[in-house]
Amino acid sequence: MSCLASCCAASTCGLCSSVASGISKKSARLAYCGLFGLSLVVSWILREVAAPLLEKLPWINTSTHTKAWFQQQAVLRVSLGNCLFFAILALIMIGVKDQNDKRDSWHHGGWIAKMVIWLLLVILMFFLPNVVITVYGTLSKFGAGLFLLVQVIILLDFTHSWNDAWVEKDEQKWYIALLAVSVGCYLAAFVFSGILFMWFNPSGHDCGLNIFFIVMTMVLAFAFGIIALHPAVNGSLLPASVISIYCAYVCFTGLSSEPRDYVCNGLHNKSSAVSTSTLILGMLTTVLSVLYSALRAGSSTTFLSPPSSPKSGGKKPLLEGEDVEEGKEKEKEARPVSYSYSFFHLIFALASMYSAMLLSGWTSSSDSSVLVDVGWTSVWVRICTEWVTAALYVWTLVAPTIIPDREFF
C-alpha cells in the first residue's frame with residue numbers, strides 16, 4: 001500500500017512539473033484562470049462531502065451547527081486560501097512597470113512553487129478558528145460587491161469598444177449591423193421583461209415588490225435609449241441596448257434568488273426543489289462569468305494598463321526622436337508590461353470572495369443545503385448591481401457634457 005501511495009505521489013508530482021514547465025508567458029493568464037477554476041471545483045466538492053469531516057474537528061465544531069453551516073465553512077475556508085494567494089501576489093506585483101523587473105519572472109514563472117504555496121494556504125485555512133472565518137465571510141460580502149462593480153465597468157468598456165470598432169469601419173453594412181443588433185437586444189430585453197411578469201407575478205398574490213423591480217428594469221431600458229439618442233449626448237443605441245438586456249438578466253437572477261417558499265417566486269413554487277441539472281447549469285454559468293470577468297479585467301486597455309504601457313493609450317511616445325539610437329538599446333533593455341499585474345491578481349482575489357458568496361448563499365442563515373445563491377441577501381445584491389450598472393452607464397453618457405475636458409471611455 002505504501003509503495004502504491006509513493007508511486008501515485010510521484011506520478012502526481014511529475015504531472016504537476018510537466019504542466020508547470022509548459023506554461024509560457026503567453027499562457028500565464030490562462031494558467032491563473034485554471035488555478036482559480038480548480039479552487040471553484042474544490043469548493044464545490046468540499047461543499048458536498050466535507051460536512052461530516054468538519055464535524056469531527058474540535059476547533060471547528062465548537063457548538064451545535066446545521067449541515068448547511070459546515071458547508072459554508074468548507075467553502076469559505078477554500079475561498080480564504082485562494083484569496084490570500086492572489087492577494088499576496090497582488091501586493092508583491094505593486095509597481096512592476098517593465099519586463100526587466102525581477103518580479104515579472106515571478107508573475108509568469110515559478111509554477112511548481114505557486115501550486116505548492118496555493119495548496120498549503122488552502123490546507124492551513126482548515127486549522128484557523130471559526131472567528132477568523134466569520135470575519136472573512138463578512139468582508140467577502142464587500143469584496144463580492146466590488147467584484148460586481150468591476151464586472152459592470154468591464155461590461156461598459158466592452159460595449160463602448162464594440163460600438164467604436166464598428167463605427168470606425170464607416171461602411172453602410174456595419175451601420176446596418178449596429179441597428180439590427182441594437183433593435184434585437186431591445187426586443188429581447190422587453191420580451192424577457194414580459195416573461196418575468198408571468199414568472200414572478202403569480203395571479204392571486206400581491207407581488208408589488210417584484211412588479212416594482214420588473215417595471216423599473218423596463219423604465220431604465222427606455223431611459224437608456226432616450227438619453228443615448230439625445231442631441232446633446234454623443235451616444236449610440238448599441239451600448240444602450242446591451243446594457244438594457246444585461247439589466248433584464250440581472251433582474252431575473254435577483255428574482256430567481258428569492259426564497260423557495262416565497263409565494264411570488266413562480267419558478268420555485270412549480271417544483272418542490274431545484275433539480276440537480278438546474279443547479280449544475282447555474283453553477284456552470286457562474287464559473288464562466290467569473291473566469292471571463294477575471295481574464296477580461298487583466299487584458300483591458302482602459303483602466304488596467306500602466307501609464308508606461310503601449311496599450312494604455314497614452315499620447316506621449318515611448319521614445320523621443322532625438323534619442324533614436326540610444327533609445328533602441330533602451331527599448332531592448334526595458335520593455336513596458338502590457339497590463340497591471342497587481343490589479344490582475346486583485347481581480348482574482350475579489351472573484352474568490354464573490355464565488356464564495358454564491359456557493360454559501362451569501363452566508364445566510366438558511367438551513368437549506370441544496371440551493372445555491374438563494375436568499376434575500378442575494379436578491380438585493382443583484383438588484384442593487386442592476387441599479388449601479390444603470391447609474392454608471394448614464395454617467396458615461398452625461399459626464400462628457402458636464403465635464404467636457406475629461407475623456408470617458
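Backbone N, Cα and C define each Cβ position, glycine as well.
A TrEMBL annotation is a machine prediction, not a hand-curated record.
Per TrEMBL, the feature compositional bias 'Low complexity' maps to 300-316.
The region 'Disordered' feature in TrEMBL is assigned to 300-331.
Per TrEMBL, the feature transmembrane segment maps to 30-54 (among others).
For 74-96 (among others), the entry in TrEMBL reads transmembrane segment.
Positions annotated as transmembrane segment by TrEMBL: 116-136 (among others).
Marked as transmembrane segment by TrEMBL: 142-162 (among others).
Counting residues 6+ beyond its ends, the transmembrane segment (174-199) has Cβ neighbours under 8 Å at 163, 166-167, 211, 214, 217-218, 221, 225, 236-238, 240-242, 244-245, 247-249, 251-252, 255, 266-267 in the same chain. Residues or ranges marked as transmembrane segment by TrEMBL: 174-199 (among others).
Positions annotated as transmembrane segment by TrEMBL: 211-229 (among others).
Residues annotated as transmembrane segment in TrEMBL: 236-255 (among others). If one looks beyond the transmembrane segment (236-255) by at least 6 residues along the same chain, the residues whose Cβ comes under 8 Å of a Cβ in the stretch are 155-156, 159-160, 162-163, 166-167, 178-179, 181-186, 188-189, 192-193, 196, 199-200, 210, 213-214, 217, 220-221, 224-225, 227-229, 265, 378-383, 385-386, 389-390, 393.
Positions annotated as transmembrane segment by TrEMBL: 275-295 (among others).
The annotation transmembrane segment is assigned in TrEMBL to 338-359 (among others).
What TrEMBL lists as transmembrane segment is 379-403 (among others).
With a cut-off of 8 Å on Cβ pairs spaced 6 or more residues apart, the transmembrane segment (379-403) and the transmembrane segment (142-162) reach 3 or more such pairs and are scored as touching. Between the transmembrane segment (116-136) and the transmembrane segment (30-54), three or more CB pairs separated by 6 or more residues in sequence fall under 8 Å, so the two stretches touch.
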